[in-house]
Number of protein chains: 2
Amino acid sequence: MNTAAPSDRPLKVALLGCGVVGSEVARLLTRDGDELARRIGAPIELVGIAVRRLGRARDLDLPAELFTTDAHALVARGDLDVVVEVIGGIEPARELILAALEHGASVVTANKALLAEDGAHLFEAAEKAERDIAFEAAVAGAIPIIRPLQESLAGDAVQRVLGIVNGTTNFILDAMTTTGAGFSDALDEAQRLGYAEADPTADVEGFDAAAKAAIIASLAFHTRVTIGDVHREGITDVTAADVRSADEMGCVVKLLAICEKISTPDGDAVSARVHPAMIAKSHPLASVRGAFNAVFVESESAGQLMFYGPGAGGAPTASAVLGDLVSVARNRRQDVHGPGDTAHADLDVLDVGRARTRYHVSIDVDDRAGVLASVADAFAQYDVSIKTVRQEGHGSDAQLVIVTHEADDAALAATVEVVRALDMVRDVSSVMRVEGLN
Amino acid sequence: MNTAAPSDRPLKVALLGCGVVGSEVARLLTRDGDELARRIGAPIELVGIAVRRLGRARDLDLPAELFTTDAHALVARGDLDVVVEVIGGIEPARELILAALEHGASVVTANKALLAEDGAHLFEAAEKAERDIAFEAAVAGAIPIIRPLQESLAGDAVQRVLGIVNGTTNFILDAMTTTGAGFSDALDEAQRLGYAEADPTADVEGFDAAAKAAIIASLAFHTRVTIGDVHREGITDVTAADVRSADEMGCVVKLLAICEKISTPDGDAVSARVHPAMIAKSHPLASVRGAFNAVFVESESAGQLMFYGPGAGGAPTASAVLGDLVSVARNRRQDVHGPGDTAHADLDVLDVGRARTRYHVSIDVDDRAGVLASVADAFAQYDVSIKTVRQEGHGSDAQLVIVTHEADDAALAATVEVVRALDMVRDVSSVMRVEGLN
């Protein structure tokens, strides 16, 4: 185990993974080594790069002997100061990170999936090893959000975080808003331009955003939230009609990750959910275009803050990784470690049914007397208060568009069930949450 | 001198100043002491508050014996872990901070004027004392910008920072944009609503923004920039006509703090300037309304980032102060100190004449043949390339509106001199820089 406190001796760094992000990290470490050394106060030495296959053409001017396929041996060599993990996925990333910590290295990782599933385990291992685990790159690429939550807002009480944390879905929804296209045409275009993968499931079904929501909620509220705690709805059901309705209400449709602290009769609790929502055009998040990400934080003293930037990509993610690397290397040099993760608040995670927001509901109805009364009655039955009703079309094309006041998610869901069963209702064609409207 | 490394013993904190920010810090320290202790890992104890006059009604439930008028004795007591300075101004803040560091305390300060004038001196003193000096609250209130520059972007190369860092002037310019009012009416309104002080000089003449520009440029480029190095123009000459012209170009007028790294034949240098500018409505800074602040960062790997939030006010500034307090207290507890300020790049600061940007120039002319040729000739003489020319009005009311390609500030100034002296030119009624247009 590497117990010696380095002072001016070179800090030894190993890199796990050499894909888009990893090769950019290796390139910058090599090119900017002198500048980074000045910022850290000691030189850094890249001593090994673990890859799946040797011999793949990598556009890196590095000696071949740096590369190895034996990641386990690399992290166990015992003289490493920092291990940078950019393999992704659960295994072998988890066991490699745990081994790195056990052998005395601090860890920098961009692995949102692992952190969202098993962050607590990693944080405990780091605490026990008295080393750092830094992960700015895991949420929203180069946008500093982890450090602001952990440090800048450490003296404040965060109440709510709203994030656009997936670039692919924001690109698709922005294209739908701009061109009027439906979901599948916009997805095709995103794939053609390289903003969506061939299998877009992780993005469009909200899995990627849910992992980030779990990480954000844990840090913002000093508690443990895993991806399994996050309510998740993707954007595959968002229609061109939804986007038009949003526009008519002065809104745009965004896939939001929403993390909230909620007061309950049993004390404070947290709620974390990912779903498409209409958001007022006057809200700063509404102007986040294309594949950009942004995280909007509401806290007691600081008020409203927003962090905006590119949420993905090799170079931005490498920037976040290198920022973390400089920080943990500075700590290694002083033989200290950062504050780590605090989960002292230990809050319950509420079921999405208890989240409260407003709703936009489109109902296809028969155009005859009494239909509004019956529908309104169903809403009243579950205490869902209606703010506006608008009838559109006539005859067999009639539609009621209802916007509610704030209501429980469970109450709204029950209301929709009842409405759907009404004789004169042909279909509830769309239900969407609404954020940021007065 | 306080040399003992605290472990779980309470950390002793003294507060210098108990105005709007100081009393909010004291209130939150008292109310949230238990929560802050959990985040720091040790309790904190507020041991003294230095004020100018005792007995002033302060809405604080604190024992009278905490208050003292002898700030010098307070910082010299020798057992302090952290001194929070929120007095402002150069003296006695400077000598109190230096004394606090000498006596072994880390320092948290919101004092932009002092940092912009003599930051180097304070940073050296902190380094020598092996203590922290933290100052997130000095720039843009609660918006985390110091820490992102010092830490998150520590592995990246910042190229340019554009900031709206003064809430008063943004409120005034936003009101002019929204209502069409002139500067003095908008200032009156801002004063009436409490967004501008009775003597608004520090804000409207750009002194406050220039101090923040000096701090940002120093951190972003790892060099020393003082307020004296910052070119400064206020907003008092911005007219309703300028705001209208901006709108016609698809721009809004903002007071921008611009910090740039510039390649010269003699190597890299920096430029820092504060002046009103037209900025494209599509630029994220254009949508920063009212008294909000935002800082837009362009860096090599991360690309474009923006940080947005309230730039002033007691509670937001207190949030930033407490965030810093938690960080430096964590460090005191481990008996370490943060990375400190690095000025290793040691770059020259360029005269504003060498800054390059685009210009919008309004020229009142006689409406006769040859006027455009003469004016165009003057621009050509100094190599200032014209992008668009538009003639407005006729006869004695004729005006040429010229937008240039990028040009040196000095070349543009020389051009304006020549144009102003032309026979057929009655006046150059407005010259304004343009940012963010393609």
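Here the Cβ of each residue, glycine as well, is placed from N, Cα and C on the backbone.
Pulled from TrEMBL:
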ACT_SITE  A:LYS212  active site, proton donor
BINDING   A:LEU16, A:GLY17, A:CYS18, A:GLY19, A:VAL20, A:VAL21, A:GLY22, A:SER23  NADP(+) binding site
BINDING   A:LYS112  NADPH binding site
BINDING   A:GLU197  L-homoserine binding site
DOMAIN    A:360-436  domain 'ACT'
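Overlay of TrEMBL annotations on the structure.
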| residue | record | DSSP (3 states) |
| --- | --- | --- |
| A:LEU16 | NADP(+) binding site | strand |
| A:VAL21 | NADP(+) binding site | helix |
| A:LYS112 | NADPH binding site | helix |
| A:GLU197 | L-homoserine binding site | coil |
| A:LYS212 | active site, proton donor | helix |
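Cα separation, A:GLY22 (NADP(+) binding site) to A:LYS212 (active site, proton donor), rounded: 20 Å. In the predicted model, the domain 'ACT' (A:360-436) shows an average pLDDT of 92. Minimal Cβ crowding within 10 Å, among the recorded positions A:LYS112, A:LYS212, is found at A:LYS112. The NADP(+) site is set by A:LEU16, A:GLY17, A:CYS18, A:GLY19, A:VAL20, A:VAL21, A:GLY22, A:SER23; from the centre of their CB atoms, other residues of the chain with a CB within 8 Å are A:LEU15, A:GLU24, A:VAL25, A:ALA26, A:VAL86, A:ILE87.
On its own chain, A:VAL21 (NADP(+) binding site) has A:VAL86, A:ALA110, A:ALA137, A:GLY314, A:THR317, A:ALA318, A:VAL321 as residues at least 6 apart in sequence with a Cβ closer than 8 Å to its own Cβ. Of all the binding-site residues given, namely A:GLY19, A:GLY22, the one with the smallest number of surrounding CB atoms inside 10 A is A:GLY19.
Most Cβ neighbours within 10 Å, among the binding-site residues A:GLY17, A:GLU197: A:GLY17 holds that distinction in the structure as shown.
Long-range Cβ contacts of A:CYS18 (NADP(+) binding site) within its own chain (separation 6+, distance under 8 Å): A:ALA26, A:ILE49, A:ALA50, A:VAL51, A:ARG58, A:LEU60, A:PHE67. Of all the Cβ atoms in the protein chains shown, 25 others lie within 10 Å of the Cβ of A:LEU16 (NADP(+) binding site). The number of other CB atoms found within 10 A of the CB of A:VAL20 (NADP(+) binding site), across every protein chain shown, is 15. Looking at A:VAL20 (NADP(+) binding site) and the residue listed as 'L-homoserine binding site', their Cα atoms lie 14 Å from each other. A 10 Å cutoff on Cβ-Cβ distances gives A:SER23 (NADP(+) binding site) a total of 21 other Cβ atoms nearby, all chains included. For the pair formed by A:SER23 (NADP(+) binding site) and the residue listed as 'active site, proton donor', distance between Cα atoms is given as 24 Å, rounded to the nearest Å. Note on proximity: of the binding-site residues A:LEU16, A:GLY17, A:LYS112, the one nearest A:LYS212 (active site, proton donor) is A:LYS112, by Cα distance. Straight-line distance linking the Cα atoms of A:LEU16 (NADP(+) binding site) and A:LYS112 (NADPH binding site), rounded to a whole number, equals 15 Å.
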